[in-house]
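Peer 1: Checked TrEMBL, it gives:
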type	residues	note
DOMAIN	56-193	domain 'Peptidase S54 rhomboid'
TRANSMEM	12-34	transmembrane segment
TRANSMEM	71-88	transmembrane segment
TRANSMEM	95-115	transmembrane segment
TRANSMEM	121-143	transmembrane segment
TRANSMEM	150-168	transmembrane segment
TRANSMEM	174-192	transmembrane segment
Amino acid sequence: MFLRTESLSQFIRFYPVVSLLILIHALVFIATSIPGGTGWNVLLSLAGINGLISEGEYWRLVTPIFAHADLWHVLFNTFSLVLFAPALERLLGSFQFIVVYMLAGIIANVATWMLQPPDYLSVGASGAIFGLFGLYGAIWLIYKQAAPMEIRQVMVPVIVISVVMTFFGSNINITAHLAGLAAGIFIGLFIFQQRRRE
């Protein structure tokens, strides 16, 4: 699970959506790192700024999912994708995986918009990634010991990383983390209960 054995070309072929998300993370981070103020302007154009969302810039409920504040931020979220997302893309299929990922991220950003003050600014894929953590939780709730071994092996690391990411960092959007987690659990319960009935 944590020691990937695929070559780069195999990883891209097996997990095309995860690979695309990693590429987007890298490209957006490069764009937001351009010196001379340009990078900062790019970041501001993508960020979830609550006051601007309220004025009708609703794309800001989506674009923050792909932007990150600094190198540590983008590396941590991208590393989380590499560790935890491939098993879910394989389990759900690429289309359903990206739908769930984006939906969790958008729900997290909507919650941030609704619950945080107008001057609040947020960026990062953490809400969407916590949606993936919620999916793992839903799988565990439904299947428990019948869950695939790869899923069961990941549960303790998911719990540990969730707690660390939410409560032991600075400038953490706890609202997005909790909303993304809840979205992932509820979406996962719906998906996997439907699968059990089929």
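The backbone N, Cα and C atoms fix where each Cβ goes, glycine too.
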Peer 1: Sort the residues of the domain 'Peptidase S54 rhomboid' (56-193) into helix, strand and coil with DSSP and give the three counts.
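Peer 2: Result for the domain 'Peptidase S54 rhomboid' (56-193), in helix, strand, coil order: 112 helix, 2 strand, 24 coil.
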Peer 1: For the transmembrane segment (12-34), could you work out the same-chain residues 6 or more beyond its ends whose Cβ comes under 8 Å from its Cβ atoms?
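Peer 2: Cβ under 8 Å, 6 or more out: 6, 40, 42-43, 46, 66-68, 71, 74, 77-78, 81-82, 85-86, 89-90, 94, 97-98, 101, 125.
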